[in-house]
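Enquirer: Quick paste of what TrEMBL says about this protein:
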DISULFID  CYS106-CYS140  disulfide bond
REGION    208-272  region 'Disordered'
COMPBIAS  227-248  compositional bias 'Basic and acidic residues'
REGION    288-315  region 'Disordered'
TRANSMEM  428-449  transmembrane segment
REGION    459-504  region 'Disordered'
COMPBIAS  480-489  compositional bias 'Basic and acidic residues'
COMPBIAS  490-504  compositional bias 'Polar residues'
Amino acid sequence: FTLFRTKIFLGTLVFIHNYTQNLSAGFSWILSNAKKDDTDEEIAKYDGKWAVEEMKDSKLPGDKGLVLKSRAKHHAISAQMLRPFTFDTRPLIIQYEVNFQAGIDCGGAYVKLLTQTPELNLDQFVDKTPYTIMFGPDKCGEDYKLHFIFRHKNPKTGEFEEKHAKKPEADLRMYYTDKKTHLYTLVLNPDNSFEVLVDQTVVNSGNLLTDMTPPVNPPAEIEDPEDQKPEDWDERPKIQDPEAVKPEDWDEDAPAQIPDEDAVKPDGWLDDEPEYIGDPDAVKPEDWDEDMDGEWEAPQIPNPACETAPGCGPWKRPMIDNPSYKGKWKPPMIDNPSYQGVWKPRKIPNPGYFEDLQPFKMTPFSAVGLELWSMTSDIFFDNFFITDDRNTADRWAADGWGLKKAAEGAAEPGLAAQMLSAAEERPWLWVVYILTVVLPLVLIIVFCCTGKTNAASPAEYKKTDAPQPDVKEEEEEAEEKGGPGEHDQVSGSSSPNYCRSTLV
């Protein structure tokens, strides 16, 4: 197998080659000096800054990684592998760690496995540099993605086409917002199955033959591009009845509404009073110029005389729906006797058809690169790892990401601190806390403190035919034992303020 990781103290790539060999010499990351094509000169250059440093809130002193430092810049950095990875009878596992230390507004943190070609020049690594696989998180706005894309070579034309895995059904939001280190893993198997994992939990899986868009293999038949719909082809399922005739009593000119002839003007209606009158208290402004502003008129106000009346002004009958209204007449719709269905071109054999049953056998890759644009800085990368053995990948994850997870978990605040922190961001949570914690506690206390005492007072003895205890004898016995006050203090049986301390 072939694997490599980022040295936490040097930021270089280290390789383990086969099981029996020791660590070989480190290989450094190479910054790209290229420029993007078809882009404004001001932003075309890959001048984004990188650094090898600890996380800002590191829980493991001395643990360093590769950090994207710039905002709104093109970043490109890559490293050559000790040897190319060839897809044969062994699986491919790639995994690495990402921490969005400052969150992420819009940007990616995906890795590209760069295709082995004679033209590959890491100093000129750009967005158009051929890659075999692109994998990792990407986010912009509220669109949370976890890419798995591979470039498939058409066996007939030799051209490459990107194939995208279906979108994960899992909710990915947490991985972009919690500012924790997450482990991203892609597993490709020779049987064409794949798995995408975050923190060693599967969030997406499928098959290269059935779960990629567009499909790896084209359809065996396609629609004939030269086939044309006949001019007399009738696609109308319904038509107007040609034999229908408008009824003689159909009045298309009848209005939709008519005055209500049964309506009666309410008593007290003031026909001679307007609804609005000029404000009698209004005064013409001193600077009013009638030559420039025209004749001054007092502003209108509601007529006080109409306040107690049912209405003012000329009374009109209210309008109601016209029972005779039918609108414009249209012939009824009937089934079209000439209907031929929706026309489709005839099918012909696909001249570009091929069948590749082993898309797992992709083009070998020989380098790993990060070619990213981000509106957020301080994206932390660490422990890039490529192998063909799943158990080795799991052990490597435990030694790297596992330590970070344990350290971050130990540093997390207690439950109460987490609840207070969440309520600061979402004030409505205080209502939930009160309803679920405080209110039940208050009810329990009230229940405890207002419960009946165990011993009954003499006044509580009920009238009954059964023999009653000698109250006086009981009181004398209590005095001989130390008095009722002392006895009550010990037992708590007759004190009205006594609260039971046992809660279920």
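Each Cβ is built from the backbone N, Cα and C atoms, and glycine gets one as well.
Note: TrEMBL annotation is automatic and uncurated.
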Enquirer: Cβ-Cβ under 8 Å from CYS106 (disulfide bond), same chain, 6 or more residues apart: which ones?
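Expert: Within the chain, CYS106 (disulfide bond) has Cβ neighbours under 8 Å at LYS139, CYS140, GLY141, SER374, MET375, THR376.
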Enquirer: Could you pull out which residues elsewhere in the chain have a CB under 8 Å from any CB of the region 'Disordered' (288-315), counting only those six or more residues past its ends?
Expert: 265-271, 273-280, 282
Enquirer: By DSSP, what is the split of the region 'Disordered' (208-272) into helix, strand and coil residues?
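Expert: Counting residues by DSSP class gives 0 helix, 12 strand, 53 coil.
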Enquirer: Reported in the order helix, strand, coil, what are the DSSP residue counts of the region 'Disordered' (288-315)?
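Expert: Helix, strand, coil within the region 'Disordered' (288-315): 7 helix, 4 strand, 17 coil.
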Enquirer: So if I draw a 10 Å sphere around the Cβ of CYS140 (disulfide bond), how many other Cβ atoms end up inside it?
Expert: 15
